[in-house]
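J.: This is the structure I want to talk about, given as structure tokens.
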Number of protein chains: 4
Amino acid sequence: MATEKDPESLLKLKLRRVIFGTDTPAGRYFDISLMICIVMSVLIVFLDTVAKVHERYGDIIVVLEWCFTVIFTIEYILRLYCSAKPLSYARSFYGVVDLLSVLPSYLALFFPGANFTLVIRILRLFRIFRVLKLLRYLSEGNLLLRAMMQSGRKVFIFFFSVSLIVVVLSAIMYVVEGPNNGFSSIPKSIYWTIVTITTVGYGDITPQTPLGQAIAAFTMLLGYSIIAIPTGILTAEISQEIGRSRDLRRCSNCLKVGHDPNALYCDHCGSELESEL
Amino acid sequence: MATEKDPESLLKLKLRRVIFGTDTPAGRYFDISLMICIVMSVLIVFLDTVAKVHERYGDIIVVLEWCFTVIFTIEYILRLYCSAKPLSYARSFYGVVDLLSVLPSYLALFFPGANFTLVIRILRLFRIFRVLKLLRYLSEGNLLLRAMMQSGRKVFIFFFSVSLIVVVLSAIMYVVEGPNNGFSSIPKSIYWTIVTITTVGYGDITPQTPLGQAIAAFTMLLGYSIIAIPTGILTAEISQEIGRSRDLRRCSNCLKVGHDPNALYCDHCGSELESEL
Amino acid sequence: MATEKDPESLLKLKLRRVIFGTDTPAGRYFDISLMICIVMSVLIVFLDTVAKVHERYGDIIVVLEWCFTVIFTIEYILRLYCSAKPLSYARSFYGVVDLLSVLPSYLALFFPGANFTLVIRILRLFRIFRVLKLLRYLSEGNLLLRAMMQSGRKVFIFFFSVSLIVVVLSAIMYVVEGPNNGFSSIPKSIYWTIVTITTVGYGDITPQTPLGQAIAAFTMLLGYSIIAIPTGILTAEISQEIGRSRDLRRCSNCLKVGHDPNALYCDHCGSELESEL
Amino acid sequence: MATEKDPESLLKLKLRRVIFGTDTPAGRYFDISLMICIVMSVLIVFLDTVAKVHERYGDIIVVLEWCFTVIFTIEYILRLYCSAKPLSYARSFYGVVDLLSVLPSYLALFFPGANFTLVIRILRLFRIFRVLKLLRYLSEGNLLLRAMMQSGRKVFIFFFSVSLIVVVLSAIMYVVEGPNNGFSSIPKSIYWTIVTITTVGYGDITPQTPLGQAIAAFTMLLGYSIIAIPTGILTAEISQEIGRSRDLRRCSNCLKVGHDPNALYCDHCGSELESEL
């Protein structure tokens, strides 16, 4: 690659470092300004749904939206152009997301109709995929993810058991309270049970009979106490992850592991620890 | 048993491996298709309670229900037939559950009456026991259960203390707010206290007097802080369980596992542990 | 005490073992039947506040109440009679509670009046002190209490900080939303903030302005995240307590502590552990 | 400084010890009485916003307020007078807070007008800064703060991910439920999502369509389970902090504290630790 000397290749290389890379000042500036653009374009879509804002600033918002659409289109073309393997970029998750974040605006031009305003609004919401681009800028959170992966199986069993309890309680509440008190069907009763067991408690459906209130109270106490289980599982896993990431050095004399990261000597036998892990 | 050679015994043995066993491909297919049937039959009962679905698809649902009833009846008879000890199966928890999940449909045939529709609906709900059959397919979750067992006593004391606090707060709120503000009786006041202390907060009964609101605020803060206690207990126990299950070395002398990661000698028999796991 | 031989002393001694002691079968029967009486008498007071129950079973409840009052009076007199130091019992916490749990019924006889019904109802509620007697039968929960004591200081700082945040947020919400949206005064605004920060969310007062809703959303996220702090503190303390209560034996050879309770040999040096701690 | 002998310098020194210091009985009395004044003056401002209290005790409250204003003014002047570097005090955070807590009352005198009552009320609320003075009296909570600092990065990633989920769910709910069911704009939909995911659940906006209720149920379960993550992170960090601060042995060679309870040798310099703490 060092032997390629035609100017186009050099331009591509430079662009690639700026657009895909994050190790040069220019690359970092590009990423930060892109992030600001993404957040602002999403904010504009959101504010446009407020009736008052749409009335007063509707025109400016349309202009701003087209600006962002053009910016993101240019960015997408540049990415395709300077990528080492354009096709594999276009097929990658972020390639698709990048395309989806500019397409809606163009589609709205070619498919106008009676229900034009609504359609364009729904299409606009696909822009939310722009937000997902932000994830690209995250390289932290691995510890969290690993702890969640490891507790995944236990959490699945937990949610499976909770589902069974929810289903049983929903059926009982449907029989006890009945359609007259808002429990018009078992699916609605399931909705109520989830609202209650997660301690959200909207209050749009509430038990009216004494027996229903007793079962509701039991459901709440259950939700209140089983909230402890996923917390307990995850806490234990995170503790393990933190403890493990603390130090991997094993004392060559007494074989002890789990030293303090600042330790110079083994705290059990007093022999020196090697600095490389 | 290896000497039994009449064809019926062989059929029984084969059937038993498929129906009760899970170690052959056929057995696994049987279990999975049974699980799908159970979930679908429960789903149908649930959807039938939605007025619109009942109107439009009521007839199909009746047919489907009878299909599932027949399927589960055949399954129950086969289980009885191929079981090594049919009577002990019929008396076991799952035997009773299997029977209860088919009986309602047949009972509805023989006991029709004026309140026929309601009765069949209530009977149908017993079908929920079918869901409990799902539990049979769970062999995980032992770690969770063990941690819960070990923290059981502490959690009991916790809930006992919470009950006392709830009762005292309910009586105080009944006196402070009175029947005019929705606290019509102490049992209803207890319902309100549980709704508040578990942070559910329906809002169907809310304190109106300044003093009542102050006590309510205190109740909320109490609930908010004591939510920590069961979490703390369970987390500590799960941490212990996970920590113990982590070390994989097995003592070559007494075969004990679950040593401390730093252990050099088996704490049961005192013989040295190999450093490689 | 062994030389006292008059029959009265012997009766006192026997009675004392039954009433105050819990180490004889008779003493245990006495305690259990007393507990059942306490729970039942409280239940009756509670059920009497339900209008329908009061109408139908009011007379029976009055009779039952007097039965319990007589039983508890006899019990109180017996406790005074057979106690080694009657005066110190009468002055002790439980002595006062025992007295307060029978007095209301008698006071209601001597102070009838126009507002008779209401007064007796309020007096009745003092019976709730009977419930507190139940605490006498608890000797568990020390580990929990110790963990709470040790985390007490940290939890106090936590609640102090939360109070400051609540006060500041309440004042801001009072200015932003104002009396027209239900935030009629700062104390009421504090009530709303506590309802929100503890994630109870009655919905009797909700923000109406966009700015108010933004601040409310911030308050919720704050409450949602700081819920972690007392849990974290308590969990860490309980973990320490459980870890500490695991084993106190110190290896006489290598001075290691924290062995498994089942350990027979030190897992670090392999030397035998003394069985006495 | 020991050579300064003019009486003014001595007075300044004495005052400084009382006002800024906390190591003499006089200094401690000064601080405690100041704290009581601060809390009382805030309480008065709060109670004055209650309509009934304002009507009946409005005059007394004005007098009391002026008393507190005068007290705090004198205190501020004394602090300026006896401070070693008056200017740096005036510029410090607490200097500004002290000034802001007396200014509103005086400003209200010079800028009366038509909207006088409202303005003075808003100005009064700045008095809340008086509460912040309380923070000066806190030196505890360092352990908590350190644990929070160390978990700060992980918590940030957590809240970033939650924000993304909230934004996506809000947009979906806006499309599913629409303006007719209270989801009048995406910002309002975000407000609803936060109310739901934090399990607050006011119930002022609730989903009406079956699909909306299903998504709402999913949102609740999500909020219910991810509540575990910050708790897990913080608990693990606090456990580490407490564990480290438990062991009281100080290395006699390098003076390091915070060894592992099982440590025999200092892990910093390798010298032996005394077994008695």
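Positions of Cβ are set from backbone N, Cα and C atoms, glycine also.
So TrEMBL lists the following for this protein:
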DOMAIN    D:28-241  domain 'Ion transport'
TRANSMEM  D:32-51  transmembrane segment
TRANSMEM  D:63-81  transmembrane segment
TRANSMEM  D:101-123  transmembrane segment
TRANSMEM  D:155-176  transmembrane segment
TRANSMEM  D:214-236  transmembrane segment
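Mind mapping these onto the model and telling me what they sit next to?
T.: In the predicted model, residues of the domain 'Ion transport' (D:28-241) average a pLDDT of 78.
For the transmembrane segment (D:63-81), the list of distant contacts is 12, 15, 19-20, 34, 37, 40-41, 44-45, 89-90, 95, 98-99, 101-102, 105-106, 130: same-chain residues at least six beyond its ends, Cβ to Cβ under 8 Å.
Beyond the transmembrane segment (D:155-176), the same-chain residues lying 6 or more positions past its ends with a Cβ under 8 Å from any Cβ of the stretch are 148, 183, 185-186, 189-190, 192-194, 197, 207, 209, 211-212, 215-216, 219, 222, 226, 229-230, 233-234.
When Cβ-Cβ distances below 8 Å are used as the criterion, the transmembrane segment (D:214-236) is approached by residues 147-148, 151, 154-155, 158, 162, 165, 169, 172-173, 176, 193, 196-199, 206-207 of the same chain, each at least six residues removed from its ends.
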